[in-house]
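Okay, so here's the structure we're looking at.
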There are 2 protein chains.
Amino acid sequence: MQRILSTQLAQHIGETVTVAGWIHRRRLLKSVAFLIVRDAEGLSQVVVEEPATRTQLDELTEESVVEVTATVTRNEQAPGGVELTGPSIRVLSAVDVPLPFELHRPALSASLPTQLDHAALALRHPSRRAALQVAAAATAGFRTALSEQRFVEIQTPKIVGSSTESGASVFGIDYFGRPAYLAQSPQFYKQLMVGVFERVFEVGPVFRAEPSDTARHLAQYTSLDAEMGFVTDHRDVMAALTRTLSVMIATVAARTGVATPKVLPEIPAVSFAEALRIAGAADGEEDLAPAHERALGEWALREHDSEFLYVTGYPMRKRPFYTHPDPASPAYSNGFDLLFRGLEIVTGGQRLHRYEDYVAALAAAGEPLEPYRGYLDGFRYGMPPHGGWAIGLERFVARLLGIANVREATAFPRDLHRITP
Amino acid sequence: MQRILSTQLAQHIGETVTVAGWIHRRRLLKSVAFLIVRDAEGLSQVVVEEPATRTQLDELTEESVVEVTATVTRNEQAPGGVELTGPSIRVLSAVDVPLPFELHRPALSASLPTQLDHAALALRHPSRRAALQVAAAATAGFRTALSEQRFVEIQTPKIVGSSTESGASVFGIDYFGRPAYLAQSPQFYKQLMVGVFERVFEVGPVFRAEPSDTARHLAQYTSLDAEMGFVTDHRDVMAALTRTLSVMIATVAARTGVATPKVLPEIPAVSFAEALRIAGAADGEEDLAPAHERALGEWALREHDSEFLYVTGYPMRKRPFYTHPDPASPAYSNGFDLLFRGLEIVTGGQRLHRYEDYVAALAAAGEPLEPYRGYLDGFRYGMPPHGGWAIGLERFVARLLGIANVREATAFPRDLHRITP
């Protein structure tokens, strides 16, 4: 018999159907037992009165996988207004060890490390599933928005021959006996691909060996990257990002029902100098501290009713060497950050596009040219003014759902201490 | 002035417009010069008669990036029936080195190694761009088809703590001073996630350190993975794959205009034993050699008018330990390969779903349990019968386009010898 989903039961009242899923909970009363079966879409309540089935149920434990064939019966008290009566139960996979924690309570009581140790089980809890569903919806929205704006999806190497983007730490690899590194970002590749398709995007893993054991660092995270050519400056990039962000948020709302913030057609933007004033920071500061970002988030909500805020024109000294300076004020950049509820979740900007500017920028940074030679090729052969951004998916999801630790916004986190499961 | 694309010119006849792109070609005749500008969508022909502009053009070289403001004029001889006249040209980025090869000829004359050395340039050629556009379309179709079938997108770790799936080689990493490895596939993770969402998919890089220097091996390739729970056996998986494949092919056709094969609603399937007979292989063979696969491809085309063919029931000895045996004939598997024009492009099948079956399978394979402990967790806590598949994106694209070397079906290939650009 074809299995149906829990959400389809109401369409089959009076019929005999088959549902299948995990034993979410059993309630074993004296004269009757209730079996709650969980599938991908929800819960089904099964009423067990027949003695042989009751005996079978007594021996089963939570999370065992069962197939239940029964009659769909109306019952206003049951979840969804229906329950299954007169069941026969076939066990597909029995659990015969104690569970490390219970899944049927509203919140998981286990500590985060315990949840992560048993991720395959913990992720079944609605609270943990939700974050991954939001991530999937945000990613789908990202791709939809960019495809509509003529961006072409690319896949770039995660193994690179030289360790660039100095300052941040990289993971070393043994590549057929030669040293190589895990890519910290698709930055140079997406820039080169602007020369091919003008507009490109990539969704993929990036790797950071920063030994930071904080609630917002992961050794592997998912980066939502985009890069676009023929821009006037960073403001064209911000306009494309705003449009993309609004589709991401709308897709999350439509697919998951999660409460989402509004995205204004024009997200407010303040210059770095204004940002320092608003946050009450000293005039000479060269970067925004977390407390400054929080203050800016509160200000944007109060003054503009926006949970998003662009900060533009960060000092060049704090941006990577490929950043394009502001032509009117070369100590400042055509770069921006996007704050979401007072936390930076996107970094972007206009990049250098002339070979000679790269040579000068690397020289000014005291960096050798050689490790960059493969990447700089495209710039010798004609590259338009361009810019782009990178969104950290897990941070975005955590911020959207109010999750304190980014490890809860991914299925199997990797950090300084954790490499399993 | 807002830039328009080459494909929009015909809508602006008589108007002054701005186009921008790369100098694809110059034809410098005595009294007139023609400038062909290439943008993301196509070519524009610019007619230069004015002496100062001609002098400017004489000094520019191919692949320089320019912005051209001119009048759109009807000319049946020009590409698209229009040309640009009376131009003023602004140089956005000038090329001042000789190009290693020319881009304006129908085929790239440079050898593949030279193309790969200068990938940022070579990929601008229509023949190389096409493969990446097909890859993007196929990937989009893959996601569309699976989303429609209730699959949820996941992201899994690419850094793993133990080297599993014995036999194939892995890349070692220095993970904060501890040994770790690059994931060869998301196999175990996607299986664990069946316990969470029932149906999942992932598009991501996988890494193989096999020292095979052939036209069909890459050290990093893009794997289109899917896994689904509550299957009866591998035939449910094949049905989902066939549906997915037909959407992938349809999306490629719709987005790129490339000639595509038809996908029958039911792709023909032969058992491994039948396949041996058809291919004229010896009865005792345990695997299909490339020549056998080619013979099967010809047979499927001749007998079933299908460019695709499933081969099912490979011997268990040749499949990974997690493969589910055929209950009626346990020396054979509920596994399949999908051949496309006589080459395997997909491997899939039903997997084991009971913890005790994994323990027995690892023992039978002489493999220790310990490296798998993190992955086997989910199987202790209830997993439904399930199966899935993995499509090698670059092989699929190469086969679809008749590309001989898989390195031409990816932007920046990684192999035994190549790690740049």
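Sequential numbering from 1, following the chain as shown.
Even glycines carry a Cβ here, placed using N, Cα and C.
Taken from TrEMBL, the feature L-aspartate binding site covers A:GLU165, A:ARG208, A:THR347, A:ARG351. Annotated ATP binding site per TrEMBL: A:ARG208, A:ALA209, A:GLU210, A:ARG216, A:HIS217, A:LEU218, A:GLU344, A:GLY392, A:LEU393, A:GLU394, A:ARG395, in sequence order. TrEMBL lists A:142-421 with the feature domain 'Aminoacyl-transfer RNA synthetases class-II family profile'. Summarising the annotation, TrEMBL assigns region 'Aspartate' to A:187-190. Look at TrEMBL and you will find A:PRO79 tagged as site 'Important for tRNA non-discrimination'.
Structural mapping of features recorded in TrEMBL.
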residue	record	CB count, 10 Å
A:PRO79	site 'Important for tRNA non-discrimination'	14
A:ARG208	L-aspartate binding site	19
A:GLU210	ATP binding site	16
A:HIS217	ATP binding site	17
A:GLU344	ATP binding site	18
A:THR347	L-aspartate binding site	18
A:ARG351	L-aspartate binding site	29
A:LEU393	ATP binding site	25
A:ARG395	ATP binding site	21
When distances run from the Cα of A:LEU393 (ATP binding site) to each of the recorded positions A:PRO79, A:ARG208, A:THR347, A:ARG351, the nearest one: A:THR347
Counts by DSSP class (helix H/G/I, strand E/B, coil) across the region 'Aspartate' (A:187-190): 4 helix, 0 strand, 0 coil
Top Cα neighbour of A:GLU344 (ATP binding site) in the set of recorded positions A:PRO79, A:ARG208, A:ARG351: A:ARG208
A:ARG208 (L-aspartate binding site) as reference: those recorded positions from A:PRO79, A:HIS217, A:ARG395 with C-alpha within 10 Å of it: A:HIS217
Residue among recorded positions A:PRO79, A:THR347, A:ARG351 with Cα closest to the Cα of A:ARG395 (ATP binding site): A:THR347
Euclidean distance between Cα atoms of A:THR347 (L-aspartate binding site) and A:HIS217 (ATP binding site), Å: 16
Recorded ATP site residues A:ARG208, A:ALA209, A:GLU210, A:ARG216, A:HIS217, A:LEU218, A:GLU344, A:GLY392, A:LEU393, A:GLU394, A:ARG395, farthest C-alpha pair in Å: 20
Nearest-integer angstrom distance between the alpha carbons (Cα) of A:PRO79 (site 'Important for tRNA non-discrimination') and A:THR347 (L-aspartate binding site): 45
Cα-Cα distance linking A:GLU210 (ATP binding site) and A:THR347 (L-aspartate binding site), given in Å to the nearest integer: 18
DSSP three-state assignment (helix, strand or coil) for A:HIS217 (ATP binding site): coil
